[in-house]
Ligand SMILES: Nc1ncnc2c1ncn2[C@@H]1O[C@H](COP(=O)(O)OP(=O)(O)O)[C@@H](O)[C@H]1O
Ligand SMILES: Cc1cn([C@H]2C[C@H](O)[C@@H](COP(=O)(O)O)O2)c(=O)[nH]c1=O
Ligand SMILES: [Zn+2]
């Protein structure tokens with residue numbers, strides 16, 4: 001779907017955003033694109049927020065246990081130093097990064113780097129999540145993926161939280177979240 005950034009020696013940068021609910025396949029799609037970039041012998045740098053320790057401290061791991069090694073970082077400013085010589089820069093769980101991440105991705109793209117980010121577009125309340133809305137505005141390419149609603153089998157774009165915890169950030173899996181369609185999410189009174 002995406003051409004690689006070095007055509008006839010000319011470097012072109014851009015931003016790709018992969019978004020959607022939990023279980024929609026964001027991490028699998030990110031890993032797929034990164035493996036293709038590696039096959040093309042491009043220099044790939046992969047980052048994730050250090051707070052996301054769900055499956056592994058360093059690896060990016062999908063719900064189907066596909067994985068790829070990454071560098072955990074605490075602040076987006078570390079990316080500019082660590083990714084300077086990269087052809088491709090990738091970030092998973094981008095909703096957890098600080099707000100500077102959007103300008104940093106833009107700067108990398110202007111430097112000729114292909115930037116691929118994956119993350120939740122909405123939190124469990126159905127509200128835009130962290131820097132993802134501004135990344136969507138700056139993106140050259142947007143892919144919105146959908147899970148399957150566990151209640152009715154339709155297309156799901158909400159991440160329903162099954163516990164009463166109201167903190168915006170709460171790491172978890174199927175024990176805490178389930179993907180739901182608009183109707184099944186609404187039936188539980190999550191939208192005012
Ligand atoms: N309700 C569901 N809808 C779709 N995929 C599901 C569901 N429950 C489990 N999965 C699995 O989750 C995988 C996607 O995992 P992953 O790429 O980690 O998603 P994301 O990063 O968007 O949370 C699917 O390939 C599928 O095997
Ligand atoms: C909806 C929502 C999710 N989270 C957490 C739960 C998981 O640890 C990640 C999302 O992982 P995935 O790769 O997209 O499956 O985010 C959260 O902290 N707050 C929320 O509202
Ligand atoms: Zn449903």
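Keep in mind that glycine also has a Cβ here, set from the backbone N, Cα and C atoms.
If you check TrEMBL, you get these features:
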ACT_SITE  93  active site, proton acceptor
BINDING   20, 21, 22, 23, 24, 25, 26, 27, 92, 93, 94, 95  ATP binding site
BINDING   149, 152, 181, 184  Zn(2+) binding site
BINDING   169, 170, 171, 172, 177  substrate binding site
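In this structure, the binding-site residues 94, 149 were compared by how many other Cβ atoms lie within 10 Å of their Cβ, and the smallest count belongs to 149. Among the binding-site residues 24, 92, 169, 170, 172, the residues whose Cβ sits under 6 Å from any atom of ligand 2 are 169, 170, 172.
The binding-site residues near ligand 1, defined by a Cβ under 6 Å from one of its atoms, are 24, 26, chosen from 24, 26, 172. Residue 181 (Zn(2+) binding site) and residue 24 (ATP binding site) have their C-alpha atoms 12 Å apart, to the nearest angstrom. Note on proximity: of the binding-site residues 149, 169, 184, the one nearest residue 94 (ATP binding site) is 169, by Cα distance.
Note on proximity: among 22, 92, 170, 171, the binding-site residues of the record, the Cα nearest residue 184 (Zn(2+) binding site) is that of 22. Per Cα geometry, 22 is the residue among the binding-site residues 20, 22, 24, 92 nearest to residue 177 (substrate binding site).
When the Cα atoms are compared, residue 22 (ATP binding site) and residue 169 (substrate binding site) turn out to be 14 Å apart.
Checking the binding-site residues 92, 149, 184 for a CB within less than 6 Å of any atom of ligand 3 leaves 149, 184, listed in sequence order. Annotation note: residue 20 (ATP binding site) sits in a strand segment as assigned by DSSP. Comparing local CB density within 10 A for the binding-site residues 20, 172, the maximum falls on 20.
A separation of roughly 12 Å, to the nearest angstrom, links the Cα atoms of residue 169 (substrate binding site) and residue 93 (active site, proton acceptor). Considering only the binding-site residues 20, 24, 26, 172, the residue whose Cα is spatially closest to the Cα of residue 152 (Zn(2+) binding site) is 24.
Under a cutoff of 8 A between CB atoms, and with a sequence separation of 6+ in the same chain, the neighbours of the residue listed as 'active site, proton acceptor' are 48, 49, 52, 118, 119, 120.
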